[in-house]
Amino acid sequence: MGTSSDEEKNKRTDAVSPDSSPDAKAPLHESTPQSPPTPPNGGLGAWLCVLGAFFIFTNTWGITASFGAFQSYYITTLPESASSISWIGSVQSFLVVFVGIVSGPLFDRGYIRILMATGCFMIVFGTMMLSLSTKYYQIILSQGIVIGLGAGLVYIPALAIISTQFTTKRPFAIGCASSGSSIGGIIFPIMFRRLEPKVGFGWAVRAIGFISLGTLAVSLAILSRHKRPKSATKKALFDFRAFTELPFLGFAVSLLLIFVAFYIPLFYIPSYAIYSLNIDENLSFYLLAITNAGSFFGRTVPFLIANRVGSIQIFVFWTVAAVIVMFSWLGIHNEAGFIVFCIIWGFISGVLVTAPAAAVAHPTLSPSMSVIGTRLGMSWITAAIGILIGPPIAGALVDLNTDYFVKAIVFAGVVMAAGAVCLMPPLLAAMKYKPVENLERG
């Protein structure tokens, strides 16, 4: 009797023994799903994540926003057409967002350290390889593919981390982080323009690479410490059911169309200034920096009121504004008018590239916080297709020999207008949505 009682006690003790191995506990731990914790909506840790994401944006979208400076340089140094050269920037920008189909779900599964380390290394490595490149295929491999892949691995996770750190302050936090691309878009073209004549293409690009190395080291140190609870059930890399939801489908198609047109001004502002308006070559490069300076305010100012107005509503309003401004480009024939256009377009472009990331966190587009990374990546896949094909199509429509840009401008305006129409389903869904105990969603 006593022996039997002792055996039963030992069995109960073994079942809850604190010295059980981690491997023995793992199945019990994994069998219970963890719900995502409530975002802190501020605090030192959350704002440090914004700082880390700021530098990610500087070295991803900041580099792509600077491609207009490289486009003008390559036109004069490479025996390639404007359309062919545009493929370099288009491939880079395409990969930044297309790789999100993998990096978003991998973030949801908790692989943040691997994503950050690999992506940061590829950005720096690609930049250094670009400094050694002299031929078209070498440039498209280093600047287009390697940097694009690296940027894609870190861009979506950086956005998703911010979404998990904020609720009501989320749009503003995303705006602050994404303003890093404006800073990169101001600094990198000016650096390249000032250094290239003095030290040559190689060292001008290496200087940019050293800045990327230092700033990405900060991002890696901050963001790789982020811990995301792993769900017991593995998520698919692609959620096909999302495209059966009309609001998300309309949102995705609108991004495709909007981003066909989005990069056309950014890629061709310096060339248009030089060939069509006969503006001084130095000023033409600074116009790109002026445009990116305008985008700094577009990434932050509108989102100060996003909690009251709504991120989707802001996105729709400024998409319509983009259509109007794009067509107004046709009526600009002097230096002063074009400078004003660059400032206004810069502001609008800052809104358009930031608003989708804040909008996709809305419950009508992402029913659960646990799928934000996946759906953010999915929505940007369609944008990536637009980014890939837009500038090369515009390049084929531009005739530098006759200074003719009209066809490219009209094409951009019409496609942007179609994108605005496709935003109607998510807009109507957002207007009808009534939050019920969704404070944690923001």
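Even glycines carry a Cβ here, placed using N, Cα and C.
Any TrEMBL annotation is an automated prediction that lacks curation.
Because the structure is a prediction, the values reported are computed rather than measured.
According to TrEMBL, the compositional bias 'Basic and acidic residues' annotation covers 1-14.
Annotated domain 'Major facilitator superfamily (MFS) profile' per TrEMBL: 45-437, in sequence order.
Per TrEMBL, the feature region 'Disordered' maps to 1-39.
Feature annotation from TrEMBL assigns transmembrane segment to 44-64 (among others). Sequence-distant neighbours of the transmembrane segment (44-64) (same chain, 6+ residues past either end, Cβ-Cβ under 8 Å): 89, 92-93, 96, 123, 147, 151, 154-155, 158-159, 161-162, 165-166, 173, 176-185, 187-188, 208, 212, 215-216, 218-219, 221-223, 226, 263, 292, 353.
Among the features that TrEMBL reports, transmembrane segment is placed at 84-107 (among others).
Taken from TrEMBL, the feature transmembrane segment applies to 114-133 (among others).
Per TrEMBL, transmembrane segment is recorded for 139-160 (among others). If you look at the transmembrane segment (139-160), the same-chain residues 6 or more away from its ends with a CB under 8 A from one of its CBs are 52-53, 56-57, 59-61, 63-64, 70, 74, 78, 87-100, 103-104, 106-108, 112, 115-116, 118-123, 125-127, 129-130, 133, 174, 177, 219, 223, 357, 372-373, 376-377, 380.
Here TrEMBL flags 172-191 (among others) as transmembrane segment.
Positions annotated as transmembrane segment by TrEMBL: 203-223 (among others). Beyond its flanks by at least six residues, the transmembrane segment (203-223) meets 48-49, 51-53, 55-56, 58-59, 63, 112, 116-117, 120, 123-124, 127-128, 130-131, 154, 157-158, 161, 187-188, 191-192, 195-196 of its own chain at Cβ-Cβ distances under 8 Å.
Under the heading transmembrane segment, TrEMBL lists 243-264 (among others). Beyond the transmembrane segment (243-264), the same-chain residues lying 6 or more positions past its ends with a Cβ under 8 Å from any Cβ of the stretch are 64, 89-90, 93, 319, 322, 326, 349, 352-353, 356, 359-360, 364-365, 375, 378-387, 389-391, 393-394, 408-409, 411-413, 415-416, 418-420, 422-426, 428-430.
Per TrEMBL, transmembrane segment is recorded for 284-305 (among others). If one looks beyond the transmembrane segment (284-305) by at least 6 residues along the same chain, the residues whose Cβ comes under 8 Å of a Cβ in the stretch are 62, 65-66, 68-69, 72, 171-172, 174-176, 178-179, 181-186, 189-190, 193, 265-266, 269-271, 273-274, 311, 314, 318, 338-339, 342-355, 358.
Summarising the annotation, TrEMBL assigns transmembrane segment to 312-332 (among others). Same-chain residues lying 6+ beyond the ends of the transmembrane segment (312-332) with a Cβ under 8 Å from its Cβ atoms: 171, 254, 258, 261, 265, 298, 302-303, 305-306, 338, 341, 344-345, 348-349, 351-352, 355-356, 359, 362, 364-365, 406, 409-410, 412-413, 416-417, 419-420, 423, 426-427, 430-431.
Annotated transmembrane segment per TrEMBL: 338-365 (among others), in sequence order.
Using a Cβ-Cβ cut-off under 8 Å and counting only residues 6 or more beyond its ends in the same chain, the transmembrane segment (377-398) has close neighbours at 81-87, 89-91, 93-98, 100-105, 156, 238-239, 242, 248, 251-253, 255-264, 267-268, 271, 356, 360, 365, 404-405, 407-408, 411-412, 415. What TrEMBL records for 377-398 (among others) is transmembrane segment.
Remote same-chain residues near the transmembrane segment (404-424) are listed as 250-251, 253-258, 260-262, 264-265, 268, 272, 276, 312, 315-316, 319-320, 322-323, 326-327, 329-330, 390, 393-395, 397-398 (criterion: CB distance under 8 Å, separation of at least six residues from the stretch ends). For 404-424 (among others), the entry in TrEMBL reads transmembrane segment.
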Study note, to complete from the structure: Long-range Cβ contacts under 8 Å made by the transmembrane segment (114-133), restricted to residues 6 or more beyond its ends, are 59-60, 63, 103, 106-107, 139, 141-143, 145-147, 149-154, 157, 201-206, 208-209, 212-213, 216-217, 219-220, 223-224
Revision key, fill the gap. Averaging the pLDDT values of the domain 'Major facilitator superfamily (MFS) profile' (45-437) gives 86
